[in-house]
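J.: Provided herewith is a single structure, encoded as structure tokens, for subsequent inquiry.
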Amino acid sequence: MEDFVRQCFNPMVVELAEKAMKEYGEDLKIETNKFAAICTHLEVCFMYSDFHFINEQGESIVVELDDPNALLKHRFEIIEGRDRTMAWTVVNSICNTTGAEKPKFLPDLYDYKENRFIEIGVTRREVHIYYLEKANKIKSENTHIHIFSFTGEEMATKADYTLDEESRARIKTRLFTIRQEMANRGLWDSFVSPKEAKKQLKKDLKSQELCAGLPTKVSRRTSPALRILEPMWMDSNRTAALRASFLKCPKK
């Protein structure tokens, strides 16, 4: 599973997931399913934000090409992926600026058009079950919940899906592709079932022992557009949208 994650996700997404797991004292070598889940969630958050701006008239627009003459503001502030201290700093700043109620738990995004925090969920189970779990945990009407599944289903607070159909279709297609690629490698069942995951982990560890002496080569390919991710990610005054040119999973 770890090899799959490193091949199928952009290196910056992988790096952020590694930092998140390290912050919580989790070992990605052991909790490989969680590693894959975090990378998937991060990518969905980026894709949710991608290309969405607010123009001078305060209208939400979708722009896929940079126009240096356009005075545009990013519609979404990405909170997910930051360390906890920085994330809460961003949340507090948003609350002070907009008057929004401070959430009890760290949300994933803030929508400047609708003036609300958003909690993104990606589930391997039934969307309505995961939605209810999120709602019961958050217990706040001020945080909007949007759940996606790997089967193309989705569920959102008051059936308000925030994004246009095309933007949501991009996310659903990516999730379906991840599922298919996992299935092709025999990883999907273990990703869904904890029991299967334990069997897969034992199998992977045994395989690593057998291959310990073999030379390895790691791909470091990064699309040119994604090289702007790190400075854009850390800079609240981002100047360009994160492009949706995520690395495609190489065929085995």
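If you go along the chain as it appears here, the first residue is 1 and each next one adds 1.
Every residue, even glycine, has its Cβ placed from backbone N, Cα and C.
What Swiss-Prot records for this protein is below:
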type	residues	note
SITE	L28	site 'Important for efficient shutoff activity'
SITE	L65	site 'Important for efficient shutoff activity'
ACT_SITE	E80	active site
ACT_SITE	D108	active site
SITE	K195	site 'Important for efficient shutoff activity and nuclear localization'
SITE	K198	site 'Important for efficient shutoff activity and nuclear localization'
SITE	K199	site 'Important for efficient shutoff activity and nuclear localization'
SITE	K202	site 'Important for efficient shutoff activity'
SITE	K203	site 'Important for efficient shutoff activity'
SITE	K206	site 'Important for efficient shutoff activity'
J.: Looking at Cβ-Cβ distances, which residues of the chain lie under 8 angstroms from E80 (active site) while being 6 or more apart from it?
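T.: Expected: H41, L42, C45, A87, L106, D108, L109, I120.
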J.: Would you mind pulling the DSSP three-state label for L28 (site 'Important for efficient shutoff activity')?
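T.: Coil, per DSSP.
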J.: Which residues, sitting 6 or more apart from L28 (site 'Important for efficient shutoff activity') on the same chain, put a CB under 8 Å from its CB?
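T.: When sequence neighbours closer than 6 are ignored, L28 (site 'Important for efficient shutoff activity') has E2, A17, E18, M21, K34, F35 within Cβ distance under 8 Å.
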J.: Let's check the environment of D108 (active site): how many other CB atoms sit within 10 Å of its CB?
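T.: Other Cβ atoms within 10 Å of D108 (active site): 23.
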J.: According to DSSP, which of helix, strand or coil covers D108 (active site)?
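T.: In three-state terms, D108 (active site) counts as coil.
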